[in-house]
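**Q** My questions all concern the structure below.
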Amino acid sequence: MLKQIQKFLKLEAASGILLLVSALLAMIFANTDLNQLYFSFLQTEVAIKFGAFSIDKPLLMWVNDGFMAVFFILVGMEVKRELFEGSLSSYQKAIFPAVAALGGMIIPALVYWFINQNSPEYQQGWAIPMATDIAFALGIVALLSKQVPPALKVFLLALAIIDDLGAIIVIALFFSHEMSMQALTIASIAIVILVAMNRYKVTGLINYAIIGTILWASVLKSGVHATLAGVVIGFCIPLRGKNGEAPLHHLEHALAPWCSFAILPLFAFSNAGVSLEGMSLDKLASPLPLGVALGLIIGKPVGVFLFSYVAVLLGIAKVPEGINLKQIFAIAVLCGIGFTMSMFIAGLAFGEEDASESVLALARLGILMGTFVAAIIGYFLLKITTKPSLMKAA
């Protein structure tokens, strides 16, 4: 188990660095003479036709709806593995990070709502500061990897996975549009087939690829967000085959590098490019970016730590052996690194045709500000609280 976590941390840490580079490149492109090339490239129309069926979308939407669906397949598989075999496989293991994650979703949303309560045009962005970017957060942890207790890394992994699950539920419930019953019917049939394949332990991944593609296309046309198809596909991959094969492990192992080093950096490059032209301190201090930034910087750590502390106080959960509440607070601050999933939810909340590009830009700036501050403060707190001398004293 520990070796798997260490291997995962190395992968995610490198991915976190690449995400940062991709985001910086996007900001450079968006704020130099290359900005026209950058934005026009993202709006390039790409069409796929199959008889009467066609999907015609800008390149940016293919990244957000298509490539990110592959990432969500990985998320679905990770959640399933942790629920059945890993750090969430029993009540005792799951309750502490689950309560922490719940606080880390509720309090940031409340902070955002409080700041934007008099700005109805911004209120649909309440879910933006709820998410944690596991790649960025683990990238920071990896910088101090030698002195960070393994139990603390497991806690962060479990919390981030539950966070992802919460984000998936939020997307499903609050960011779906007008429904197409025909497309939903096709999607439902595809899901039934996938569940049956899982039930009868079909291990041929090509079968899941074919039915999964049909599911993704029908969900895309249905009005439900297409990335949710990825989660369903991930959950339907069997953990074990009839002859002891491990299809979920094999697919997870195959997809993880592609997601970490191609899909997520591409998503970051496509979505982090915010033009600062016309921006002012007044705009940066307006309710939208302020709500997002403070939701991440204040709401996240307060929510994660407060709910954890109360759970321990009431005897609902116990602090995992080998770590202390000071270290939990440091991790809680790192949970304010919301980059990837926050950008994704911001695109759903403000990226539609009825929302202006400047509103989405303000949301993204709030995410960048909040993520940067949370990363810096979280790093120093983690460094201080995991010093060997303090560990012995604790």
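The first residue you see is number 1, and the count goes up from there.
Any Cβ shown, glycine's included, is placed from N, Cα and C.
What Swiss-Prot lists as transmembrane segment is 11-31, 59-79, 95-115, 125-145, 155-175, 177-197, 203-220, 254-274, 296-316, 328-348, 365-385.
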**Q** May I ask you to check whether the transmembrane segment (254-274) and the transmembrane segment (328-348) make contact, with contact taken as at least three Cβ pairs under 8 Å and only pairs 6 or more apart in sequence counted?
**A** yes
**Q** Where else in the chain does the transmembrane segment (328-348) make close Cβ contacts, counting only residues six or more beyond its ends and a cut-off under 8 Å?
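**A** The answer is 19, 23, 64, 68, 100, 104, 125, 127-133, 135-137, 140-141, 152, 155-156, 159-160, 163-164, 167, 170-171, 175, 225, 227, 264, 267-268, 271-272, 292, 296-297, 299-305, 308, 319, 360, 363-364, 367-368, 370-371, 373-375, 377-379, 381-382, 384-386.
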**Q** Cβ pairs under 8 Å only, please: of the recorded stretches 125-145, 155-175, 203-220, 296-316, which one is richest in them relative to the transmembrane segment (11-31)?
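**A** It is 125-145 that shares the most Cβ pairs under 8 Å with the transmembrane segment (11-31).
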**Q** Looking only at the recorded stretches 125-145, 155-175, 296-316, 365-385, which one has the largest tally of CB-CB distances under 8 Å to the transmembrane segment (95-115)?
**A** 296-316
**Q** Tally Cβ pairs under 8 Å between the transmembrane segment (296-316) and each listed stretch (59-79, 125-145, 155-175, 365-385), then give the stretch with the top tally.
**A** 365-385
**Q** Near the transmembrane segment (155-175), which same-chain residues lie under 8 Å Cβ to Cβ, leaving out any that are not at least 6 residues past its ends?
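**A** For the transmembrane segment (155-175), the nonlocal Cβ contacts are 5, 8, 72, 75, 78-79, 82, 86-88, 93-94, 96-98, 100-102, 104-105, 127, 130-132, 134, 137-138, 141, 224-225, 227-228, 231, 304, 320, 323, 328, 331, 334-335, 341, 345, 348-349.
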**Q** Kindly say whether the transmembrane segment (125-145) and the transmembrane segment (59-79) touch, using the definition of 3 or more Cβ pairs under 8 Å where each pair is 6 or more positions apart.
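**A** When sequence-distant Cβ pairs are counted, the transmembrane segment (59-79) does not touch the transmembrane segment (125-145), since fewer than 3 lie under 8 Å.
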